[in-house]
């Protein structure tokens, strides 16, 4: 019975998405079953649209910059959390977590008020700042389990054996945390690529892909929305799959190295 | 000049080494935390403070006048329309959170104690990353006047004109929001349930507890934090959402979130919008307190009874 329930649950999650994918290949504009034929016309229409291509490119750019900044800030925060104790740690943890404990709407309007106050014009820069704020808590939360079980005595051992502070960092700390950092960075890109709720308030004239889809949604019922949606989905999935694969390979290589080491003894 | 004596050296070394007194000494890890801390202070704490200050100003013809007053709050507290919208938003949030947690709980149980592979977990993760807007749009396609459900009912002759009530209603908002929140609610529950070892359940069984007793006395209290987290996350994100109500909610589905977003997008009374946002946050806190009290009354919260 639990299995039957599970199937229903997954069906509920995926049926609406599958439907959009199907209609994106529909030869007529109708959004009704049964379907009448297969075509790629909505995709070719979409790529002929300069605004779409520009917004897709903007989203990729923002995603990459967000991942870089969030990875630097998030890794520093994680390394700090390993070392912190007491009330300062609690305050810092709370501060790192709070941005996702609030509705996106709240962050969006707070940021736009700040930008207006300091006279920063709305652009892809402000969008990137907003995305860093939104993704940083996810980054730190992803690193958390790794931080909790991080054995600080490994660093001390390296120092006792004569490694410099930088060597310890490069040869001990980073290798332990790297797989998690890579995973969290990919998660950051995917989150930034999809972000809409905060972006609405802080974006200028340059649109991102979700903003482009939003403008289509509000205008008319244009069936190329389906195609745009599918491309947005496909890109997120591709990035996540690539990330998953790289982590899996890293793990496999580590296991293989370990086995070789043991056999050599 | 006389040569420095050994004691001088020791004294000067002591001076250098002596740690600074409390408020000036940097706590351990501060150097690393400095950059992210600065970012969060400047782009999170400061904006919230500015927003709060703004809520006490007035806007006249799109210009914010920095004159301290509580007019915005007075206006909101007496506006029936705002409370109506708040009520719709809170209902959206509570229904969404309740169903997301209840529907995801059995799945979390399956994933943690029964599943042999992680395939299903990855599938759920995947749906979490399928764009938020796309899912709202998918539901509009399903529930719309010319949508899948209406066309189906029309073609089979069950109805002779499209049902308008499915789309543009609070119901449409809630079902879409549940669809959006489910994966997130599930992930939080799974990570909480991973801490409850299978051996605990077996031990309870061996000691004679029935299936429901294991659920009520072991799993629920031990996953309490996860349940509260999962519920509150879904609640806050759903109750504060403005996109779904705008696209699917219709006139009856206007929420306080949508009213706030509109102040910042079109009509432009930022101070009023800020005040609304803080009133909305206050209502969220009340919901949190009520929810925790309900769990305590239902005796699922972990408490003294386990040690007495």
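Each Cβ is built from the backbone N, Cα and C atoms, and glycine gets one as well.
Curation does not apply to TrEMBL; its annotations are automatic.
Feature annotation from TrEMBL assigns transmembrane segment to A:7-25 (among others). Beyond the ends of the transmembrane segment (A:7-25), by six or more residues, the same chain brings 31, 35, 38-40, 42-43, 223, 226-227, 229-230, 233 to within a C-beta distance below 8 angstroms of the stretch.
The domain 'ABC transmembrane type-1' annotation in TrEMBL covers A:56-246.
Annotated transmembrane segment per TrEMBL: A:62-82 (among others), in sequence order.
The feature transmembrane segment is assigned by TrEMBL to A:94-116 (among others).
Taken from TrEMBL, the feature transmembrane segment applies to A:122-140 (among others).
Taken from TrEMBL, the feature transmembrane segment covers A:169-190 (among others). Note on the transmembrane segment (A:169-190): residues 63-64, 66-67, 70-71, 74-75, 78-79, 135, 138-139, 142-143, 146, 150, 154-155, 158, 163, 236, 239-240, 242-243, 246-247, 250-251 of its chain, located 6 or more positions outside it, place their CB under 8 angstroms from a CB of the stretch.
Away from its own ends, the transmembrane segment (A:229-249) comes close to residues 17, 20-21, 24, 43, 46, 56, 179, 182-183, 186-187, 189-190, 193-194, 209-210, 213 of its chain (Cβ-Cβ under 8 Å, at least six residues beyond either end). The annotation transmembrane segment is assigned in TrEMBL to A:229-249 (among others).
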